[in-house]
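A short worksheet on the structure shown next.
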């Protein structure tokens, strides 16, 4: 009963209004390439100074949830990941939009984000203290094994395994630029100060996916191509939903689990979810051509991360990702120190945040669905003008993050690289995954070795490490085993069921 | 971001009009060399907020230029036009430490120090399952085995402070670098390292929850939040260290403007609302004028140089 009374402040009109505004603002921030959810939350923290904790924090959570969702809009419509979290959505979202099903793709993304968000929110509200412990189990060997497992996605995502491996290795090499994670020495920066922290991630992604597509479009401008005809429908059919059901549920739970592990984030979660959906699908060949379950997997996963990342933050005082680290700052300013004590000292705030997470997710669904027709209109803009606007956004978005001119060179460089890769059949996705996981792999391998006195057996012990290593072997070996099994059963058809 | 753009336009327009009114007649831009949302950024935003409410009509713009361990944004502020309208957030790492590591195109002598408004006190804390739980057992352990002390990045402020303590106390430690302080904290609470340097605010919550145990305070006197935790000084090790937040300007700004800015920082640092807000964030609000701030930075700079030399990190990136 007491718990319910803590929910009362959420029913106040001004609180609801603030959450709605935060969610809508986040959605727009997320949809604009280069403006990330992290930035939205950070810039609005001063606005919460004068607000009651529940109101201010829920506004920030609204921005976070709306921002991660909003990223899918530009991913699907323009092939420009609005936030790094929705880079994986590009794979199936953009082809769908090109076929005229932008509305449906956005509809599925909205539904998936909502379901992912709600499932993670239920987990947050019911199991936060119990599950938070997982976050603490991850030491260097565990992170290393997780990153290694994540990298196996490259093998299954790229049709040509050799080209996929080349793309992945290139990504890992690129991620070596910048300060060495252990000794701090500058590597491969050629004395350019702007590269001291390596290539900035979001400009690299914008170049890799968006600018490269612009180049491809320009090549096609000469040929007369029929414009995209828009199909108005925005609700996926029951058949679509049924097809995407398992991808949705998998995505939600993968997102929840990855969200709890600190320092991984929604980028990792959506790639793993995409890969798992593809692996378990009966029609894996359809992925990447505009297949709904692909969108369902990535979007349910990245929004599940939002609520799940709050679990270690609230229960342990350990932020699950960059945005929650900023949110932690917001909590501290309110005089609330997140951690195990918060549940005892300020249960009203904890329950208020649980409730706010649900409310923000529901607002996200309403705004998302309502705005789809507006967003889809972007595709009606004549191709030439749209292309020019995307170029403009690529530049503004890349510059606005760090106000570092070097990031513009990064963006253009990756644009040319992405265009070349696309032209010669190298997977841009593989490069993107390697950029996300390469630094995690390296830093944790070396930190682990440092801590264990260069003893490699450290990386072969502990249940979580072994689990991920086993998954890695399985994920790489399974296609071969499956093939062998299929051959066997073909040879002796009487055994098949 | 729009705010920044608008301000940038305002700055350009402002530059074209002749100077008639008193300083400041245009928005003042403060460059923070870290991403939005970190502790330096939040501190500066609170200052900017206080400046705006204290001085009628004054507009401030906080501009984040992260990267290169704070070197990129700090360099931008050092090399900005010295007209008083561009200031830099004075953070310990990029000002006192980074020039020694290399990769910075400025030295500690290139700053015009405006004022310091808060210090971030530091403690050494024992992590979960650490083989020691107070200063004496820590020192005893360190005689036999180098404790693993996590920090937020190689060559960063708390890497240097932990090593500086080890040097002063004559013990060996194994520094374990992480990608940022929250990663180090997670590893500490999870028991993957033995100890780390923490701020009183984060140590307090974690200590109450049994996640960390304070070992000693890096001040010369005990602090209110931890009355039972000794200082290194009282244990006979001459070592104090704290990080700080302040403002600096490029060298060569007009003397009158510098006076105005120094006074503004002084007024803000004594504003009760400001003190309350900063205290809630775990900052120790204190005011030091330009020369005192400069002396503090130079002392840190000299100490860091000695430590970095011992670690073989001196001029590593030159």
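Glycine residues also receive a Cβ, built from the backbone N, Cα and C atoms like all the rest.
TrEMBL does not curate its annotations; it predicts them automatically.
Copied over from TrEMBL, here are the features:
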- A:16-431: domain 'DUF112' (DOMAIN)
- A:15-45: transmembrane segment (TRANSMEM)
- A:57-78: transmembrane segment (TRANSMEM)
- A:105-128: transmembrane segment (TRANSMEM)
- A:140-159: transmembrane segment (TRANSMEM)
- A:165-183: transmembrane segment (TRANSMEM)
- A:190-211: transmembrane segment (TRANSMEM)
- A:247-274: transmembrane segment (TRANSMEM)
- A:313-337: transmembrane segment (TRANSMEM)
- A:349-374: transmembrane segment (TRANSMEM)
- A:386-404: transmembrane segment (TRANSMEM)
- A:424-445: transmembrane segment (TRANSMEM)
- A:457-478: transmembrane segment (TRANSMEM)
(message) Within the same chain, where does the transmembrane segment (A:190-211) have neighbours whose Cβ lies under 8 angstroms from its own Cβ atoms, ignoring anything closer than 6 residues to its ends? I mean 6 or more beyond.
(response) 33-34, 36, 78-81, 83-84, 87, 90, 174-175, 177-179, 390-391, 393-394, 397-398, 401-402, 404-408, 410-419, 428, 431-432, 435-436, 439
(message) Under 8 angstroms for C-beta pairs, at least 3 of them, ignoring pairs fewer than 6 apart in sequence. Is the transmembrane segment (A:313-337) in contact with the transmembrane segment (A:140-159) by that rule?
(response) no
(message) Check for me, if you would, whether the transmembrane segment (A:165-183) reaches the transmembrane segment (A:105-128) - at least 3 Cβ pairs under 8 Å, residues 6 or more apart in sequence.
(response) no
(request) Determine whether the transmembrane segment (A:247-274) and the transmembrane segment (A:457-478) share at least three Cβ pairs under 8 Å, counting only pairs 6 or more apart in sequence. (result) no
(message) Under 8 Å between C-beta atoms and at least six residues away from its ends: which parts of the chain pack against the transmembrane segment (A:424-445)?
(response) 84, 87-88, 91, 140-141, 143-144, 146-148, 150-151, 153-154, 157-160, 163-172, 174-176, 181-182, 198-199, 201, 204-205, 208-209, 212, 263-264, 267-268, 271, 417-418, 459
(message) If you count every Cβ pair below 8 Å, which range out of A:15-45, A:140-159, A:386-404, A:457-478 shares the most with the transmembrane segment (A:349-374)?
(response) A:15-45
(request) Might you confirm whether the transmembrane segment (A:105-128) is in contact with the transmembrane segment (A:457-478), defined here as three or more C-beta pairs under 8 A between residues 6 or more apart in sequence? (result) no
(message) Quick test of the contact rule: Cβ under 8 Å, at least six residues beyond the ends. What residues does that give for the transmembrane segment (A:15-45)?
(response) 9, 51, 54-55, 58-71, 73-74, 78, 80-85, 202-203, 206, 210, 322-323, 326-327, 329-330, 333, 356, 359-360, 363-364, 367-368, 371, 375, 393-394, 396-401
(request) Could you pull out which residues elsewhere in the chain have a CB under 8 Å from any CB of the transmembrane segment (A:140-159), counting only those six or more residues past its ends? (result) 165, 167-168, 261, 263-264, 268, 271-272, 274-275, 278-279, 425-427, 429-430, 433-434, 436-437, 440-441, 444-445, 447-448, 451, 458-459, 461-462, 464-469, 471-472, 475-476, 479
